[in-house]
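TrEMBL has this to say about the protein:
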TRANSMEM  A:23-41  transmembrane segment
DOMAIN    A:23-176  domain 'Sodium/calcium exchanger membrane region'
TRANSMEM  A:86-110  transmembrane segment
TRANSMEM  A:122-141  transmembrane segment
TRANSMEM  A:153-174  transmembrane segment
TRANSMEM  A:204-223  transmembrane segment
DOMAIN    A:205-347  domain 'Sodium/calcium exchanger membrane region'
TRANSMEM  A:232-252  transmembrane segment
TRANSMEM  A:272-295  transmembrane segment
TRANSMEM  A:302-324  transmembrane segment
TRANSMEM  A:330-350  transmembrane segment
Amino acid sequence: MNWLLLFVPVAVGLEHFAPERHLLIFLVSSLAILPLAAWMGRATEHLAERLGEGPGGLLNATFGNAAELIIAIAAMRAGLHDVVKASIAGSIVGNILLVLGAAMLAGGIIHREQRFNATGARAQAVMLTLAAIALILPAAYRSAVGAGAAQALVLLSVSISIVLLLVYGLYLAFTLVTHSSLFLGSHAPADEKAHSPPWPAPRAALVLGAATAVIAWMSEILVGSIQPTARAFGLSSTFVGVFVVAILGNAAEHATAVTAAMKGRMDLSLSIAIGSSVQVALFVAPVLMLVSLVLGPAPMDLAFPAGLVLIMLLSVLITGQVAGDGRSDWLKGIQLLAVYVVLGLTFFFLPDTAPR
Amino acid sequence: MNWLLLFVPVAVGLEHFAPERHLLIFLVSSLAILPLAAWMGRATEHLAERLGEGPGGLLNATFGNAAELIIAIAAMRAGLHDVVKASIAGSIVGNILLVLGAAMLAGGIIHREQRFNATGARAQAVMLTLAAIALILPAAYRSAVGAGAAQALVLLSVSISIVLLLVYGLYLAFTLVTHSSLFLGSHAPADEKAHSPPWPAPRAALVLGAATAVIAWMSEILVGSIQPTARAFGLSSTFVGVFVVAILGNAAEHATAVTAAMKGRMDLSLSIAIGSSVQVALFVAPVLMLVSLVLGPAPMDLAFPAGLVLIMLLSVLITGQVAGDGRSDWLKGIQLLAVYVVLGLTFFFLPDTAPR
Amino acid sequence: MNWLLLFVPVAVGLEHFAPERHLLIFLVSSLAILPLAAWMGRATEHLAERLGEGPGGLLNATFGNAAELIIAIAAMRAGLHDVVKASIAGSIVGNILLVLGAAMLAGGIIHREQRFNATGARAQAVMLTLAAIALILPAAYRSAVGAGAAQALVLLSVSISIVLLLVYGLYLAFTLVTHSSLFLGSHAPADEKAHSPPWPAPRAALVLGAATAVIAWMSEILVGSIQPTARAFGLSSTFVGVFVVAILGNAAEHATAVTAAMKGRMDLSLSIAIGSSVQVALFVAPVLMLVSLVLGPAPMDLAFPAGLVLIMLLSVLITGQVAGDGRSDWLKGIQLLAVYVVLGLTFFFLPDTAPR
């Protein structure tokens, strides 16, 4: 797949010399991201093997979401709060439904049944429920109070952001320090390790860093082309934020989680997929909110549109059920993917002018 | 109970010679259905024993829902989309709350605690959550877009129907082929089998077929009498659809599931009750939607009224909790039945003119 | 902490000689409640040890909620239905999130992981889901029918109250008679019991009764001062009902549940916290509804404001996840407390004039 890396210079060239070819830029930069995500996944997995599965999974999620944070900050500075919120919601939903669904399906085709550490998965699912509640309440507040209370809504959003960041810090202490053993999963069989010895940590870190930087660059080029492309296809900006930006932003998690599931390492897979959603909800979202106070142009509240609240709540609901019993099979993958498709269809048919 | 079969010719006679006696027709056809449902249950259980519990439970659910499909198609062709939707929602809710609740209560009075295969039950509960999400979204879409987007709503409903049917097909492959062992429950004690040897498959199939045919006939007579009877009692058509049509349509499941639970075969019981809800949500509902495109008079969308969305969501929520831990006792039965009663009371007090 | 008992006569004196010093009365009566709650907790724990953990936990919940029942009846007779509903919702939510959260956090700091009887906890969580459904439906009914159907809403509320009381009676039979073994938890280590032998039952009962009586007295003084104090601080009456009245009314449960968790008796802790929420939802709420028919001034329906419905539903949702797997750690405590804080922040920013 490495030949797709040729699209990196092509994307840069198009951006400079033919900036009006939005659809072409969109396609080229998307294609360029794919091999980068694969390299990122490979490097992350090697580094993860050096670090152990818990921190490794967290590492995966951190680097997957770095790209999203950069994209979202760019959109926020352009005042596109709707796109930022859509990409936050899409990333939470996409990691759970698309990434975890694809991983469980791919893993389930190879392995009849895979076991994973249910206690760790449940702790993450509760964390997501907590985050969903925290991201539902500002919307409920706005619907109760009306448009007049914009300032109180920002104050509420700031308060909730601080609570979420505190909880996230404690959650990291839990997963990495006091209860790290809950997040150590079943290891890959020894023979498989034998014929692919993990890279040295510095090499893995270097590849990871380089791939991250270029992904971020490609992502910015891509973001600029998304809205004009979407308009050309008659799609709403919410659909694009939820289902296009988030898929590309999560490509790294996607590749790594699916690969891990196929290798029988469902614990790493879950750690990546759900952990990434947790990180977006408890870290990326509040950081973006707080950064908007400084970088402007206007403070971004955490009141998500009703449609986004609904899909976050429904996704979290089904995740709790799917991840709670410590086993996965291909049907679970199908179930998660089906929910993703149905959500996607609904937003696909939503006209751009409708309240979201 | 076989003497109630005498009501079959009485119902046919009344329908022909005194079609204006709606209440009488209603009562007579309802009473006629009871022994038929019992025979159907008996035949199904014999056939199920021949087939093994997984396919047997599915067989139960299929034949229980054949009656409902016929009733719903008749209502649909008369343009009564509200009644069709109410009976779909009522069937999903009734199988979970009334049938499973009664089975757990009856089984729990005899057995202090019954164990069942939690993995299979959880897979079905997730399927129901998926179905609930799929049936919530068209309503959310309509509420976001307003009444103007009827055509897009039909397109969305068609797309969701196709997704649901695909998932249902894969679910059948899962339960019957790749993971059938998850749906094989504890078997009845040998001595009980000894004094009631299963009928030969052809005999069981014949009894099943005949009972099904006559139930379907009685159901059609009954349907014609329901609305005038309801009007005479001041009930809303939604209440009648959810709590009258669905109870009668599920009489077979009801009888078989309760009998199975009392015999200590909680796995068969769950397979029937939840399996039947799954089939209505993932098979009957989308089939009805797609059939409405052909048989008319107008295409039926999948946007359920808000009240029906609410009760489907709440029922699915409590089912996940009740079925998830692999054990049942009488209190669980009471809990499910209490939710059913509370839902019934709310719809009972709902005037016919209110938005549902 | 016993010197705080000096505030009991001070509160009585202020109430008589300086009734306009609302803030002072508020603070003094609150401080007076703390040692009383501690004594109540101590007496209850001694009595609980004599009775065994199941009935002991129920005893705790009963006496904790006696105070709330008295406060709520006083508010109801003054026609403050909004405050009554807010304190019911606040008590359900507070026992789950604040009391259980604090207990799991305090217990988790001392013990790395505590196990509890998941079957009993799940039965209680389902009971809460059932109660949440029953308390959501009248609000849904009112929103469907509009303000015109006040009489039907009272009828519906009476019917639902009777169902809830019946279910509560059956639940008591389940926990105390037919399945009491599910609610017997791990016992405290023998050596700890050795150096604090349980009081004789009559002494424990006497202390319990006296503390209850004085708490009730203090609570009435406190209630009179809450609204003027709240107004002085610009808080809404809903915020005060949910987060002030309920915290004080649950002080006894709070102290006992936290103490039990720190002593490694997580089963008693859960039994108190969730059991108390169950009792408020299935016993206190319907009793208050039915009592309002007799004591007036006007019948109180069970249609909670939308905001209270939302927080009850969200709290019940997360409780099912947290209590379902039979283990607790400090992160679970943090998660529950964080949800409580986020809910509190939202209501804190809600202006008094907004629809709740």
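Placement of Cβ uses the backbone N, Cα and C atoms for every residue, glycine included.
The shown structure was predicted, so the numbers you read here are calculated from the model rather than taken from an experiment.
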Problem set entry | Spatial neighbours of the transmembrane segment (A:23-41) far in sequence, C-beta under 8 Å, 6+ residues away | 1-5, 7-8, 10-11, 14-15, 60, 63-64, 207-208, 211-212, 214-215, 218-219, 221-222, 224-226, 229, 232, 248, 251-252, 254-256, 259
For this session: Report yes or no: does the transmembrane segment (A:153-174) come within contact of the transmembrane segment (A:302-324), defined as 3 or more CB pairs under 8 Å with a sequence separation of 6 or more?
Result: yes
Problem set entry | Stretch in A:86-110, A:204-223, A:302-324 most in contact with the transmembrane segment (A:330-350), if contact is a CB pair under 8 A | A:86-110
Exercise. Would you list the DSSP helix, strand and coil counts for the residues of the domain 'Sodium/calcium exchanger membrane region' (A:205-347)?
Worked result: 120 helix, 2 strand, 21 coil
Exercise. What residues in the same chain, six or more past the boundaries of the transmembrane segment (A:302-324), come closer than 8 Å to it by Cβ-Cβ distance?
Worked result: 82, 85-86, 88-89, 92-93, 96-97, 100, 104, 118, 121-122, 124-126, 128-129, 131-132, 134-136, 138-139, 141-143, 153, 156-157, 160-161, 238, 242, 270, 274, 277, 285-286, 289, 332, 335-336, 339, 343, 347, 350, 355-356
